[in-house]
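Engineer: My questions all concern the structure below.
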Amino acid sequence: DVKNNHLKLKPAVFSKDSCYLPPLRYPATCTFKGGLESEKQQYIIHGGKTPNNELSDKIYVMSVVCKNNKKVTFRCTEKDLVGDVPEARYGHSIDVVYSRGKSMGVVFGGRSYIPSAQRITEKWNSVADCLPHVFLVDFEFGCSTSYILPELQDGLSFHVSIARNDTIYILGGHSLANNVRPANLYRIRVDLPLGSPAVNCTVLPRGISVSSAILTQTNNDEFVIVGGYQLENQKRMVCNIISFEDNKIEIREMETPDWTPDIKHSKIWFGSNMGNGSIFLGIPGDNKQALSETYYFYMLKCAEDDANEDPQTFTNSQTSTEDPGDSTPFEDSEEFCFSAEANSFDGDDEFDTYNEDDEEDESVTGYWITCCSTCDVDINTWVPFYSTELNKPAMIYCSHGDGHWVHAQCMDLAERTLIQLSEGSNKYYCNEHVEIARALQTPKRALPLKKPPL
């Protein structure tokens, strides 16, 4: 939430029955209105890069199960797909269409690693455009079907997608094979009768050339496109208004905001939609400053009444704690995503009533916990121990009593054992409780027995 030119963050945790959600980069996200009353709005997350720089083909469904004055609790579940499963990718889009009382997810575009047979040492991380197939995904039954449309000739990544009822509009994008950003504008319509779905595509004129742009909605029939790139090292400073009327789309330029000098001179920028016509932008700080990894954030209001307002600079900045040598370099993409509307926290759980002193004891609920008497994990000195870790230490759930979390490193878990426990359903008991409840414990590393020769 943004109030008085300050960004306020509300604590969020995952429920105990949630699956592990890795810190993905460049995933495709969208909102989905579920059928259950307790899960009116869900968030669909698909694909992206994992901390090990591999690509994910999994689909995660996340929903809010509890929201109070202290924190928000999410539930995250992994959805298994059958049929034509989209290959692991990033830089793509996922949207939801609604037709005849039914809904379906639509996956399109993106990039993927080159085939395994071609991944030699020098080209191990080389990527290529995904085939221009359109995937329909049924979130209820986990079925996926691919469609080949003759109008879609090239695989595109980091394009802009707009979903309206049974139609998706694809604008811009980057073709890696040709290194161009064609002025594309496609209309994909999905009909969901009782039988097989019908998918057709129409090429529309007067598209725009842009990649990695940010889309925000200002009213029911109007959207605004902000940011992105028109060339590899050239930001696109022009903003466009997209309006719909009688199933016709119109794209026109809006008056350019008064960008600050820092935004104008920055080579990269990133951000996302905050709802209600607001855009959240970030740029890296000046490397000459003492804190070379500082990022500065701005908020741009895109409603027509205040489109000429200057971007508001936030007084607080965020400093990266990662070693830049270990992190993946910036790519033609936005770096983070807000999916909730700006007013989603209004009401009884107003931010102004939150008091840090009222927060629950983090030794029980927080991620940085004291898991055992000999725990020495410190937020200020911790460094990755397992290959699956990125920003936080790996933890495992002890099933004793009401259960509690312990650090895998403190329990001296081998990485192979950690992975086996995370994939299986066996109960685990930490070193302090294993005597009380006999079950799976950290296996002791023993030397192999020497057998005498026959």
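Cβ coordinates come from backbone N, Cα and C, glycine included.
According to TrEMBL, the feature region 'Disordered' maps to 309-331. The compositional bias 'Polar residues' annotation in TrEMBL covers 310-322. Summarising the annotation, TrEMBL assigns domain 'Recombination activating protein 2 PHD' to 366-443. Under the heading Zn(2+) binding site, TrEMBL lists Cys371, Cys375, Cys398, His404, His407, Cys410, Cys430, His433.
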Engineer: Specify the count of other C-beta atoms within 10 Å of the C-beta of His404 (Zn(2+) binding site).
Structural biologist: 18
Engineer: Taking each of the binding-site residues His407, His433 in turn and counting other Cβ atoms within 10 Å of its Cβ, which one has the fewest?
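Structural biologist: Sparsest of the binding-site residues His407, His433 by Cβ contacts within 10 Å: His433.
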Engineer: Same chain, not part of Cys371, Cys375, Cys398, His404, His407, Cys410, Cys430, His433: whose C-beta falls within 8 angstroms of the C-beta centre of the Zn(2+) site? Give them in sequence order.
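Structural biologist: Checked against the 8 Å cutoff, the neighbours are Cys372, Ile396, Trp405, Val406, Met411, Asn431, Glu432.
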Engineer: Which ones in the same chain are close to Cys398 (Zn(2+) binding site), with CB under 8 Å and 6+ residues apart in sequence?
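Structural biologist: Long-range Cβ contacts: His404, Trp405, Val406, Tyr428, Tyr429, Cys430, His433.
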Engineer: Would you report the average pLDDT that the model assigns to the domain 'Recombination activating protein 2 PHD' (366-443)?
Structural biologist: 76
Engineer: Are there any residues at least 6 positions away along the chain from Cys410 (Zn(2+) binding site) with a Cβ closer than 8 Å to its Cβ? List them or say none.
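Structural biologist: Sequence-distant Cβ neighbours: Cys371, Cys372, Thr374, Cys375, Asp376, Val377.
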Engineer: Which one is it: of the binding-site residues Cys375, Cys430, which Cβ has the fewest other Cβ atoms within 10 Å in this structure?
Structural biologist: Cys375
